[in-house]
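Heads up, here are the entries from TrEMBL:
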type	residues	note
ACT_SITE	193	active site
BINDING	38, 39, 40, 97, 98	ATP binding site
BINDING	131, 170	Mg(2+) binding site
BINDING	195, 219, 223, 224, 225, 226, 227	D-ribose 5-phosphate binding site
DOMAIN	6-121	domain 'Ribose-phosphate pyrophosphokinase N-terminal'
């Protein structure tokens, strides 16, 4: 890569930003991030970026508000430093689950976040497995929504798991599970559940043949882990030989790790879109890096090549 490109890392996931830079054969941009005594965020760009194409890597994961505000301030600092363009690389797009009105008098928070980012002065968004595809339409700038599936499929295929069934934890994820099944030669099953309130789910029954099969529960994220753990119990109850779980984003809120640890999973596979603290790393969790995929997308954007081939 030439000197016209710069990659800056916010504080949410510095490791993936460093990996991206390694694959691009560049050094991360120098940036000073700190907080004042009252909690306000301070940003200073330490490099000369005038006229350069800049990419900012920042997941808006917990604490979502701090990371979002930090991202906006980084954009403003870069814009005032006369960069030629700003692309934000958001491996995990926080507030993505609030993508529509599900009851009266509530905001569409995913749209509000898009508006805030556009006010910050971005030119492009590069993200991964948005919770809802329509979020792309909330922006007036180009949005490239990459997928974890190719990276995950390569890993699963190396494990050579026989009698494989891809299980969607709800009907809404059936198409994702079906598409992934084609990549790993797995059949499809769906779990029918009832959700009495937010972050609480009740597994009712399994649609599909899973007895004696090795199952992979596939979802876009694991938050409190209530859904996947109850789903795993249901699959084992219905005669599954083993249960794996795979998700792009490991939010892992509250007691999620404890729930995973006490559930009979063979393995739980996550992308590294969200930095997992050491206290939450257990032997059942397997992290796969999507940094090469993001780096390839950045390179293609910088050289005006098509990014669509990366969606397969």
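Placement of Cβ uses the backbone N, Cα and C atoms for every residue, glycine included.
These numbers come from a predicted model, not from an experiment.
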Should residue 226 (D-ribose 5-phosphate binding site) be counted as helix, strand, or coil on the basis of DSSP?
helix
Cα-Cα separation of residue 219 (D-ribose 5-phosphate binding site) and residue 38 (ATP binding site), in Å?
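Per the Cα atoms, residue 219 (D-ribose 5-phosphate binding site) and residue 38 (ATP binding site) stand 38 Å apart.
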Within the domain 'Ribose-phosphate pyrophosphokinase N-terminal' (6-121), count helix residues (DSSP H, G, I), strand residues (E, B) and coil residues, in that order.
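Across the domain 'Ribose-phosphate pyrophosphokinase N-terminal' (6-121), the residues distribute as 39 helix, 25 strand, 52 coil.
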Would you measure the largest Cα separation among 38, 39, 40, 97, 98 for the ATP site and round it to whole Å?
30
Residue 38 (ATP binding site): which of the recorded positions 193, 224, 225, 227 is the nearest Cα neighbour?
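In terms of Cα distance, residue 38 (ATP binding site) lies closest to 224.
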Quick check for the class: what is the C-alpha distance, in angstrom and rounded, between residue 40 (ATP binding site) and residue 223 (D-ribose 5-phosphate binding site)?
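Computed Cα spacing between residue 40 (ATP binding site) and residue 223 (D-ribose 5-phosphate binding site) is 28 Å.
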Tell me, in order along the sequence, which recorded positions from 39, 97, 98, 131, 170, 193 have their CA within 10 Å of residue 227 (D-ribose 5-phosphate binding site).
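Neighbours among recorded positions, in sequence order: 170, 193.
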Over the domain 'Ribose-phosphate pyrophosphokinase N-terminal' (6-121), what is the model's average pLDDT?
96
Check the Cα-Cα distances from residue 223 (D-ribose 5-phosphate binding site) to the recorded positions 39, 97, 98, 170, 193 and tell me which is shortest.
97
Compare the Cα of residue 193 (active site) against each of the binding-site residues 131, 170, 224, 225, 226 and report the nearest.
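That would be 170, the closest of 131, 170, 224, 225, 226 to residue 193 (active site).
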Checking your reading of the structure: which of the binding-site residues 131, 170, 224, 225, 226 lie inside a 10 Å Cα sphere centred on residue 97 (ATP binding site)?
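Checking each Cα against residue 97 (ATP binding site), the hits are 131.
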